[in-house]
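TrEMBL has this to say about the protein:
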- 168-207: domain 'EGF-like' (DOMAIN)
- Cys197-Cys206: disulfide bond (DISULFID)
- 209-246: domain 'EGF-like' (DOMAIN)
- Cys236-Cys245: disulfide bond (DISULFID)
- 248-285: domain 'EGF-like' (DOMAIN)
- Cys275-Cys284: disulfide bond (DISULFID)
- 301-326: transmembrane segment (TRANSMEM)
Amino acid sequence: MVIRSWLHMYVALNCFIQRKRPRINGESCNGAVVENGTNQTIIDANNATWIITNDSTIFKDGQKAGNNGYVILLVYWNETVYQENINFHWWKWINDTWIPENNSEILSYLTSSSGCTPTTLSDLITSLETTTVETSSLSYISNKSSSNYFAPYSCNDSNYIGDFCNISMKPCDINPCYGMSNCTDDPRQLLGYSCNCMSGFTDINCDVNIQPCKVNTCLQNGLCIEMNGTDFLCNCSQGYMGIHCQDMINYCKINVTCLNEGICRSILLDYKCECLYGSSGRQCENLAADFVIRQYAAKSFAYIAIIGIVAVYIFAIILDTLKYVFGIDVTRNERRELRHKRNLHKKKNLEEQQARKTHLVLRYID
């Protein structure tokens with residue numbers, strides 16, 4: 001039987017007998033075991049439920065349990081939860097975090113292939129045919145079994161797996177570190193590797209950019225200049241200003257005056273005066289001939305009106321001065337004559353009214 005997956009190969013090697021089925025709510029001979037992708041659960045002594053999802057994320061009571069790498073197995077033994085990752089390293093859950101398991105006795109128990117039944121691996125395989133195939137760089141051993149059990153391929157180089165021993169087990173071979181960062185295989189790390197990040201990048205895979213100058217830090221094709229590793233300065237393109245070169249320069253505020261009530265409009269690298277009717281030019285300084293004539297005429301009428309108002313005002317002041325200062329009333333005779341005329345007019349009106357009334361009475365008697 002040919003093994004097509006490194007996961008199945010590992011299960012066959014390390015838990016061929018004792019890990020056929022996990023034990024729920026208790027410990028099996030080698031602990032309750034859950035494999036990646038089986039959707040089976042473990043319930044520990046504290047009644048907490050553990051499960052591995054298909055994307056190798058461990059959940060405890062529905063909450064993500066730590067920042068684990070790619071997990072193959074989840075084992076509950078001796079009231080402790082263990083995980084085994086893609087690099088065959090064991091970690092244990094202590095105080096709500098995963099820490100490496102370095103106890104050789106516990107490791108030997110977790111990885112042993114006996115304890116469930118007295119039967120051994122050699123007793124279950126009735127016959128085995130081995131063929132060694134060599135290539136230019138790698139070799140593998142092909143095994144066939146005549147029973148219902150199987151023996152997986154065994155590569156000469158333990159760093160490779162697969163049907164043709166061409167799948168690397170080294171995490172750094174998949175280039176997990178971003179950019180030009182250096183990757184180092186390190187079994188002491190949870191993910192099995194560590195990244196030596198370049199300057200300006202951080203996080204586990206060096207994928208977080210902490211440089212002051214990033215894409216679009218300076219807008220409008222401005223040049224970003226790092227000052228001291230944390231600050232930046234934008235050298236803006238012509239016509240723009242601001243911390244990020246986000247503002248267009250308003251040339252109307254730089255000693256620009258549009259004449260003849262023209263309106264200034266700021267444009268890129270320049271300004272424009274929008275002139276009223278009758279004016280033209282860059283700053284509306286030119287006036288049309290007819291417009292100039294109308295302006296002069298309007299001003300002339302305005303001056304005449306002003307002069308007339310001032311003359312009347314001065315005349316009134318002179319009359320008041322003569323009357324109240326010098327006792328000379330130049331309008332006394334005119335005012336007396338006007339009063340006399342008004343009195344005569346009133347008297348005449350009264351006589352006419354009296355005559356009309358008398359005429360009406362005589363007609364009535366007749």
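Count begins at 1; order follows the chain as displayed.
Every residue, even glycine, has its Cβ placed from backbone N, Cα and C.
Cβ neighbours of Cys236 (disulfide bond) (same chain, under 8 Å, six or more residues apart in sequence): Cys218, Gln220, Gly222, Gly242, Cys245. According to DSSP, the secondary structure content of the domain 'EGF-like' (209-246) in residues is 0 helix, 11 strand, 27 coil. In the three-state DSSP assignment, the secondary structure recorded for Cys206 (disulfide bond) is coil.
For Cys206 (disulfide bond), other Cβ atoms within 10 Å of its Cβ number 21. Shown in sequence order, Cys258, Asn260, Gly262, Gly281, Cys284 are the residues of the chain, 6+ apart in sequence, with a C-beta less than 8 angstroms from the C-beta of Cys275 (disulfide bond). Within 10 Å of the C-beta of Cys284 (disulfide bond) we count 21 further C-beta atoms, all protein chains included. Per-residue pLDDT, averaged over the domain 'EGF-like' (168-207), rounds to 89. Within 10 Å of the C-beta of Cys245 (disulfide bond) there are 21 other C-beta atoms, taking all protein chains into account.
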